[in-house]
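Database features, via Swiss-Prot:
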type: TRANSIT; residues: 1-23; note: transit peptide
type: ACT_SITE; residues: Asp33; note: active site, nucleophile
type: BINDING; residues: Asp33, Asp35, Asp168; note: Mg(2+) binding site
type: ACT_SITE; residues: Asp35; note: active site, proton donor
type: BINDING; residues: Asp35, Phe41, Phe67, Trp68, Val69, Trp88, Thr122, Lys157; note: substrate binding site
Amino acid sequence: MHRLRGCCARPRGAPLRAERSRASSRALRVLVDMDGVLADFEGGFLRKFRARFPDLPFVALEDRRGFWVSEQYGRLQPGLSEKAISIWESKDFFFELEPLPGAVEAVKQMANLQNTDVFICTSPIKMFKYCPYEKYAWVEKHFGPDFLEQIVLTRDKTVISADLLIDDRPDITGAEPHPSWEHILFTSCHNYHLQLQPPRRRLHSWADDWKAILDSKRLR
């Protein structure tokens, strides 16, 4: 995420298919964000915030607005922004996040599709003592060691070339003003209220028809 601000990859026993996919000019490249798309950043943050600061006010998930958790907490009460940040800067925060429902299964299926290259594209926080390592450990835990080759760590996703980026952040900007990918907004508690203007599209959850979104790019 939020917040900070994400594999798939070659399944065991299928290295030849993956190599052919990468070599094919028809391969569809999909970037999948991690926090808020694969891992439940919002739920994990709220649980740990309330456990550490039980007497302080908090923002319920249904009241979340805006991508940046720390900004909304800062408006709630002076000093809460720093306390919020301390949660995700703590050891084991990223590693202990639970997968979002259906995320692991969907991305594994996606990685097995013919002519499809899938990468987790995630932005580590600037306080890097724990975050980068824990992101790799999380992927290994939930996807297996082969998926580690499919991780892209970057603070600027606009410079990564792909056909699709599935990400819960509504506004993704960076050095490249015209990224190669189409941004599919993954619905989260902080963005569900936003009205997207066509041709922008959403993926409401991993139970939604993500295959249709991929197929729509193949037809172009």
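Cβ coordinates come from backbone N, Cα and C, glycine included.
Recorded features from Swiss-Prot, shown on the structure.
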residue	record	DSSP (3 states)
Asp33	active site, nucleophile	coil
Phe41	substrate binding site	helix
Phe67	substrate binding site	coil
Trp88	substrate binding site	helix
Thr122	substrate binding site	strand
Lys157	substrate binding site	helix
Asp168	Mg(2+) binding site	coil
Rounded Cα separation (Å) that holds between Thr122 (substrate binding site) and the residue listed as 'active site, nucleophile': 5
Which of Phe67, Trp88, all binding-site residues, has a Cβ with the fewest other Cβ atoms inside 10 Å: Phe67
Site with most surrounding Cβ atoms, counting all protein chains shown within 10 Å, from the binding-site residues Phe41, Trp68: Phe41
The residue listed as 'active site, nucleophile' and Asp168 (Mg(2+) binding site), distance between Cα atoms, whole Å: 8
Protein Cβ atoms within 10 Å of Lys157 (substrate binding site), excluding its own: 25
Position of peak Cβ density within 10 Å, selected from the binding-site residues Asp35, Asp168: Asp35
Between Trp68 (substrate binding site) and Asp35 (Mg(2+) binding site), the C-alpha gap once rounded to whole angstrom: 12
Rounded inter-Cα distance in Å - Trp88 (substrate binding site), Asp35 (Mg(2+) binding site): 11
Distance from the residue listed as 'active site, nucleophile' back to Phe41 (substrate binding site), taken between C-alpha atoms, in Å: 12
Site diameter for substrate, Å, by largest Cα distance between Asp35, Phe41, Phe67, Trp68, Val69, Trp88, Thr122, Lys157: 21
Cα-to-Cα gap, Lys157 (substrate binding site) vs the residue listed as 'active site, nucleophile', nearest whole Å: 10
All-chain count of other Cβ atoms within 10 Å of Val69 (substrate binding site): 25
The one of Asp33, Thr122 whose CB sees the fewest other CB atoms within 10 Å, among these recorded positions: Asp33
